[in-house]
Amino acid sequence: MPLGFKQMAKDHGSHFRSFTLLGFRVEIRPGFIIFLGLVVFIYGGSLGLWAAGTLAAFTLIHELGHALAARATGAHAEISLDFLAGYASYLPSRPLARWERAGIAAAGSFAQGSVATVIMLLLGANPLSRSDILRNEATLSIWWAGIVLAVVNLIPVIPLDGGAIVSAALEKIAPHRGASFMMWFSIVLTSGGLVTAVAFEQARSFLPLAAILLVMQLQLFGSRQRAATPLAGLSQTDYIILVMSGLQRVGNHHEAAKIGAEAFRQQPNALVAAKISQSLTALGDHDGSLAWMRAAEQASFIQK
């Protein structure tokens, strides 16, 4: 599940276990284990075990889809599995086109849904047949965790993949305003869904999803508002550069470059691109550093 286009800050001090899969660092956080435990507790018995197992597997497959798509653009990607969701954070080695960001956002649900469909067909179950889906706990769990959640993730609201795809498209139509519009649209639509779920018994099963999405949206909105109100006397760009410089001074070049890449996506700036290039040089990514220096040159011409 993405936030923005999945360039998220990571807390390296709170992971439970990490390993490498297909060249990607995968971090399992305590919240993910707690979440799976809750799934087992809620559903109970063998169904709970199947639900938790398939949820864990397809969450990882989903994030691998994002990570593989990001790597195809030359970005460095890592995966974190946490409470309720997984996240694939990536550091671009160059400015990404809108269609590339949309492709990365769509890749997770595509991988998740495709693998689940293939597994069901191999089991002799038609994913469109109610009787086949309900054949046993395995087919029900694979259909729910693999196919249903992949489709849900394409709902066009933030922070779901569908929201990231639509946001990338809106940025082309209304540069620098698309993301803000998408945030407000998501909050209004999700609030409407929450009210509907409370008012109508037929929609009551969607209540937990709507509530969780609304909480996440409000948290995101708050964090973006704080980021948009920098220190007195500083512009937002100056504030971003100040933050990046502080991270670079303590050697956290990876985080500095990620913050810069997200800021550059929202508002191209030559100094931000140059700072990203600095961090990539420190990280040993010389090709990426050159790409961002070229981006800095292009941005400087636009600013003039």
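The backbone N, Cα and C atoms fix where each Cβ goes, and this holds for glycine too.
For reference, TrEMBL has these:
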- 142-182: domain 'Peptidase M50' (DOMAIN)
- 32-61: transmembrane segment (TRANSMEM)
- 102-123: transmembrane segment (TRANSMEM)
- 143-169: transmembrane segment (TRANSMEM)
- 181-200: transmembrane segment (TRANSMEM)
- 206-222: transmembrane segment (TRANSMEM)
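Highest Cβ pair count under 8 Å relative to the transmembrane segment (32-61), across stretches 102-123, 143-169, 206-222: 143-169. Sequence-distant contacts of the transmembrane segment (206-222) (same chain, six or more residues past either end, CB-CB distance under 8 Å): 3, 84, 152, 157-160, 183, 186-187, 190-191, 193-194, 196-198. Confidence across the domain 'Peptidase M50' (142-182), taken as the mean pLDDT and rounded to a whole number, stands at 87.
When the domain 'Peptidase M50' (142-182) is classified with DSSP, helix, strand and coil residues number 29 helix, 0 strand, 12 coil.
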